[in-house]
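Here's what TrEMBL has on this protein:
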- 434-456: region 'Disordered' (REGION)
- 39-57: transmembrane segment (TRANSMEM)
- 69-88: transmembrane segment (TRANSMEM)
- 94-117: transmembrane segment (TRANSMEM)
- 137-160: transmembrane segment (TRANSMEM)
- 197-220: transmembrane segment (TRANSMEM)
- 287-309: transmembrane segment (TRANSMEM)
- 321-339: transmembrane segment (TRANSMEM)
- 345-363: transmembrane segment (TRANSMEM)
- 384-400: transmembrane segment (TRANSMEM)
- 406-427: transmembrane segment (TRANSMEM)
Amino acid sequence: MERNLKNVLVISFGFLLLFTAYGGLQNLQSSLHSEEGLGVASLSVLYAALILSSMFLPPILIKKLGCKWTIAGSMCCYIAFSLGNFHASWYTLIPTSVILGIGGAPLWSAKCTYLTIAGNSYAEKAGKNGKDIINQYFGVFFLIFQSSGIWGNLISSLVFGQASTKVEISDVACCGAHDCMTNTTNTTGSAEPSNSLIYILLGIYTASGVLAVLLIVAFLDQIKSNQAETEKEILETPSFWSTFLATFQHLKDKRQCLLIPLTIYSGLEQGFLSGDYTKAYVTCALGIHYVGYVMICFSAVNSFCSLLFGKISQFTGRKLLFALAAVTNTACIIALLLWKPHAKQLAVFFIFPALWGLSDAIWQTQTNGLYGILFEKHKEAAFANYRLWESLGFVIAFGYSTKLQIYVKLYILLSTLVLCMVMYGALEYLEAKSSPGTPPTTKKEDIGPLTQDTHV
């Protein structure tokens, strides 16, 4: 047990170090590299590469390299992205974004495989239920991993907060829903951070990624030879083309088709907050050093609400929670359309990400749970669709980020939200009609390990 727990902690802290760097860097892309939309373009390319990678690469790499070296190698892809930011251009950032996207899917798959093997191995020796041990291991992992959003954003705000040059806000008319589609540094509440501060931040993030790799290489145990059969069973996956076909054959199920708008919306709303809200509202009116603090608020509320709603969903049912998320997001979108941000309204900048975090916690936990319940016999194809459509939402959100004004994006978000709730209502009607008198229940194991696996 002690040895297995040590390996779980090594993986958990490795991911904590890695995503402390990546999470903070992702939230800064739209503000840090705003010229010609380079930052958001890199994120769009990244998620497109992730879609392709997740379809065929994970089982191949894990079989060839094993879980330990797949994790270590994939982490190096994240370090490449940090290095690409040192001299950000279309020739450095786009290729390193592709590299990160390719490494993202094998990283998460190898982590899931390793924890599953470790849990089953210990359960077999101790005579305990494998699912219970696996859920415990994933619980420890996400408890540690979730805090990465806080540390990464805190580092960026503390570093950029060192800027000695402050400027008065001369014009905030270009901030908010009716942004002027200009470089945010022209109207920002603080001067653009100096190159030295940017290099210091990137140096910290790169060092954090390197430490993550060294931690895995030095302290994570290889899977023992007597566990090879277990590993083989877990990794017995169909070929690329059969997986590809199964993913799209699953669309014959009308319930899956009804879930597509909801899944795409999940990517769109996350992309809007990290790509557009941080740039057009926070950086524009307050300065780039506030982006980290605002996103800490989002991460903290999201983590707390994910735990809370996971617990209370058995009492409230998923319909009430989905309704709460829809009403909260709708109110936020309408308010963002009407609000003219100003530095004197500091608290308001934190209220929006807090409410957004509450809604996102519901979209993530309940949508994952819904997929697990509805498609229990075809989980692989169902979650492949989940990864595909949510990643497509990210690609779209970052892809049109520099082409449309903020108010247009907010109307797109609102329209998609209305559509996805209409389709979700139709899905619940079909479910109630097919199984009258049988209330839906959420299986704990369907939600746990899967809630974060689509976040690169």
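Each residue, glycine too, has its Cβ placed from N, Cα and C.
Since the structure is predicted, the reported quantities are computational estimates derived from the model, not experimental observations.
For the transmembrane segment (137-160), same-chain residues at least 6 beyond its ends with a Cβ under 8 Å from one of its own Cβ atoms are 4-5, 8-9, 11-13, 15-16, 18-25, 27-28, 111, 115, 118-119, 193, 197, 200-201, 204-205, 287-296, 298-300, 302-303, 306, 448-449, 451-452. Note: the stretches the transmembrane segment (287-309) and the transmembrane segment (345-363) are in contact (3+ CB pairs below 8 A, sequence gap of 6 or more). Distant neighbours of the transmembrane segment (321-339): 176-177, 269, 277, 281, 309, 313, 348, 352, 355-356, 358-359, 362-363, 366, 406-407, 410-411, 413-414, 417, 421, 424; these residues of the same chain sit at least 6 beyond its ends, with a Cβ under 8 Å from one of its Cβ atoms.
Touching of the transmembrane segment (39-57) and the transmembrane segment (384-400) is concluded from the presence of at least three CB pairs under 8 A, sequence neighbours closer than 6 excluded.
The list of residues near the transmembrane segment (345-363) in space but at least 6 beyond its ends in sequence, with Cβ under 8 angstroms from a Cβ of it, reads 262, 265-266, 269-270, 273, 277, 281-282, 285-286, 290, 293-295, 297-306, 308-309, 321-322, 324-325, 328-329, 331-332, 335-336, 339.
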